[in-house]
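Annotated in TrEMBL:
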type: REGION; residues: 1-24; note: region 'Disordered'
type: COMPBIAS; residues: 1-18; note: compositional bias 'Basic and acidic residues'
type: TRANSMEM; residues: 148-167; note: transmembrane segment
type: TRANSMEM; residues: 179-200; note: transmembrane segment
type: TRANSMEM; residues: 221-239; note: transmembrane segment
type: TRANSMEM; residues: 251-267; note: transmembrane segment
type: TRANSMEM; residues: 279-299; note: transmembrane segment
type: TRANSMEM; residues: 305-327; note: transmembrane segment
type: TRANSMEM; residues: 334-352; note: transmembrane segment
type: TRANSMEM; residues: 364-382; note: transmembrane segment
Amino acid sequence: MTSDYRRGEGRGWRRTGGDDGSVGEGIQGASAAMGGSGWIVRLASLLALGLVLSSAEASLGDADPRYRTCVKECQTTGIIGENTISHCQNKENDTSVGGSWYNQEQIYMQWKQLACTTDCRYFCMMQREGERQSLGLTPVKYHGKWPFLRISVFQLFIPLVLVDTSVNSDILRQEPLSAALSAINLLMHFAGWLSFYLLVKYKLPLRPQTKRTYYEYTSLWHIYAILSMNAWFWSSIFHTRDIDLTEKLDYSSAVALLGYSLILSLLRAFNVKDEATRVMFAAPILAFVTTHILYLNFYELDYGWNMKVCVVMAVVQLLTWAVWAGVTRHPSRLKIWTVVFGGALAMLLELYDFPPYMGYADAHSLWHASTIPLTYLWWSFIKDDAKFRTSTLIKKAK
Ligand SMILES: [Zn+2]
């Protein structure tokens, strides 16, 4: 029933000013990343410029009154153009189901309502984009994202918990490339973590008395790995099925990772080994990040503000790593600088957003692709750092 909406209309879109929707959730890659000295300043100012430009150019897809009216009508009637959205109909019969919140029927109703909203937004977006295209207008973003063509192959990747069996495959969903790339990023982090674990646990010597690693940051990197994998997990779920819940989980996980990696960069750069001092460093950032996550989830998912928070946290840690690598003449400083430079370039890609090419590949998916090699290099630096610290400490002990 919907094939004519899905074909054709997504093609041939040109570049427009981006709104800043997806930046925050995608920045996790750069969080791991860090650069040198003179060009750092230039890079930082370029990033700041990008930030200003992208927030000034915010587009208005979902602010358009015609789009809003379309969604509202679709939600009440369940009809849009020649299409019927089955989950929007028969509400009266179904809502009579009482009982507690965790009642199965209630949960089913909530999913049905979500599916209705998702479908209405999709069809209204495609309708508006079709109208805009015939008027020679460029595409705009809706709810912080570019209009994407749906693909049903990717329902294979959706965990069973998120599949509403009553919903037809049409609502399963928009960004297959970003979803697949997020999954690859997750695997890269897992591989990096595993090889780091094997290194510190079996290859490097342990402290004779405590049997703990010489490297003082082992447990901090373990937590980093878990938060990274968590963030990429929710990123791939979000790109597979974009609903309010998955969006919030994705944004929250990305912010948590960014905040944590900022703390980690400061602890490593200032060589903080003592627990009490670590807590002192972490507390203010932890408090801020927690407040920010609560704000996003329970007050307002403000994309513009979230992007600013994320960019600032990312830039500060990139600079921290880069400067630290230079000042300490770390043996792996080239790796650090490459990751910082690559991470900053990738961040620019995200800030200068462009619409999907052929309806599938956009700046956001390229951003997810670019973090794959950076993740590999970053874990390689982490392992180098563990080897470097261990040998320094052993030499000192002798
Ligand atoms: Zn993403």
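Any Cβ shown, glycine's included, is placed from N, Cα and C.
Nobody curates TrEMBL annotations by hand; they come from automatic prediction.
Fair warning: this is a prediction, and the values are worked out from it, not measured in the lab.
When each of the listed stretches 221-239, 279-299, 305-327 is scored by C-beta pairs under 8 angstroms to the transmembrane segment (251-267), 279-299 comes out highest.
Outside the transmembrane segment (279-299), and at least 6 residues removed from its termini, the chain residues within Cβ reach (under 8 Å) are 248, 251-252, 255-256, 258-260, 262-263, 266-267, 270, 272, 306, 309.
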